[in-house]
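What TrEMBL records for this protein:
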- R78, R103, D130, P131, M132, L133, A134, T135, G136, G137, T138, D203: 5-phospho-alpha-D-ribose 1-diphosphate binding site (BINDING)
- I197, G202, D203, A204: uracil binding site (BINDING)
- 5-210: domain 'Phosphoribosyltransferase' (DOMAIN)
Amino acid sequence: MRLHVVNHPLVSHKLTVLRDQDTDSPTFRRLTDELVTLLAYEATREVRVAPMDITTPVGPTTGVYLAQPKPMVVPILRAGLGMLDGMMRLLPTAEVGFLGMVRNEETLEASTYAERLPEDLSGRQCYVLDPMLATGGTLAAAIRFLTDRGADDITAICLLAAPEGVANLEKGLEDLDVPVAVVTAALDEKLNDKGYIVPGLGDAGDRLYGVAH
Ligand SMILES: O=P(O)(O)OC[C@H]1O[C@H](OP(=O)(O)OP(=O)(O)O)[C@H](O)[C@@H]1O
Ligand SMILES: O=c1cc[nH]c(=O)[nH]1
Ligand SMILES: [Mg+2]
């Protein structure tokens with residue numbers, strides 16, 4: 001598994017405001033959107049392209065276009081939905097599939113409550129969107145779900161990651177014969193005893209959309 005922590009002053013600045021407990025929901029949503037677009041630029045570095053001949057007003061040349069099959073963008077509900085527009089701004093022709101997952105706040109086990117994805121993802125590059133990589137349980141299950149359907153290249157975009165979650169993910173996917181990359185704006189210090197990222201930003205879903213329970 002490849003971990004890429006995007007090191008850029010604009011990313012750090014936006015992330016600082018995002019983390020601030022006094023940042024309200026509308027601002028939190030806008031900053032999430034902006035951060036994702038910046039992270040997506042790095043995350044799509046290996047997106048598959050094919051050569052294409054075109055003619056400019058001055059003469060012929062060969063460029064590239066996004067290869068078929070189209071990339072699949074997979075936001076993990078709820079919080080990942082806040083990252084979708086920012087991603088689609090860079091990859092407007094991608095397809096979108098949805099995974100609804102929730103972490104049990106007592107056991108920290110992730111479970112899937114909804115899915116809307118093609119049965120066959122053979123040969124598809126998938127971009128998973130989830131702001132928080134905490135214990136890694138949610139992302140590990142999501143990646144396994146996609147590779148079980150044939151996805152052959154997975155990149156996850158997360159706003160924040162915890163070292164424990166990265167290690168768990170690496171271990172949990174050891175047997176997987178599919179390249180996996182995680183692109184994040186920051187690798188934080190640790191998890192607290194409730195499985196929250198420290199210093200983190202709190203509950204991403206609640207800060208985007210309001211308290212769920
Ligand atoms: O790495 P993990 O320990 O599995 O935790 C991370 C998950 O927890 C949060 O989702 P949550 O269960 O709060 O659902 P929500 O997005 O609906 O708020 C977050 O959005 C991730 O999906
Ligand atoms: O810090 C955390 C951990 C899991 N989910 C969140 O939204 N935040
Ligand atoms: Mg939540």
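A Cβ is built for glycine as well, from the same backbone N, Cα and C atoms used for every other residue.
Keep in mind that TrEMBL annotations are predicted by a computer and have not been checked by a curator.
Locations of recorded TrEMBL features on the structure.
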| residue | record | Cβ contacts under 8 Å, 6 or more apart |
| --- | --- | --- |
| R78 | 5-phospho-alpha-D-ribose 1-diphosphate binding site | G100, G205, L208, Y209, A212 |
| D130 | 5-phospho-alpha-D-ribose 1-diphosphate binding site | P75, I76, A79, G80, M83, T138, L139, A142, A156, I157, C158 |
| M132 | 5-phospho-alpha-D-ribose 1-diphosphate binding site | A79, C158, L159, L160, I197, G200, A204 |
| A134 | 5-phospho-alpha-D-ribose 1-diphosphate binding site | R103, L108, A162, G165, L191, G195, Y196, I197 |
| G136 | 5-phospho-alpha-D-ribose 1-diphosphate binding site | A162, E164, G165, V166, A167, N168, L169, G172 |
| G202 | uracil binding site | Q21, Y196 |
| D203 | uracil binding site | Y196, V211 |
* Sparsest Cβ surroundings (other CB atoms within 10 Å) among the binding-site residues I197, A204 -> A204
* **Contacting binding-site residues for ligand 3, chosen from D130, M132, T138, I197, D203 when the Cβ sits under 6 angstroms of any of its atoms** => D203
* To do: Other than I197, G202, D203, A204, which residues of the same chain sit close to uracil? List them in sequence order, counting a residue when its Cβ is within 8 Å of the Cβ centroid of the site.
  => P131, M132, Y196, G200, L201, G205, D206, R207
* To what whole number does the mean pLDDT across the domain 'Phosphoribosyltransferase' (5-210) round? -> 97
* Asked: Should A204 (uracil binding site) be counted as helix, strand, or coil on the basis of DSSP?
  -> helix
* Asked: ligand 2 is in the model; which of the binding-site residues R78, D130, G136, T138, I197, D203 have a C-beta less than 6 angstroms from one of its atoms?
  -> I197, D203
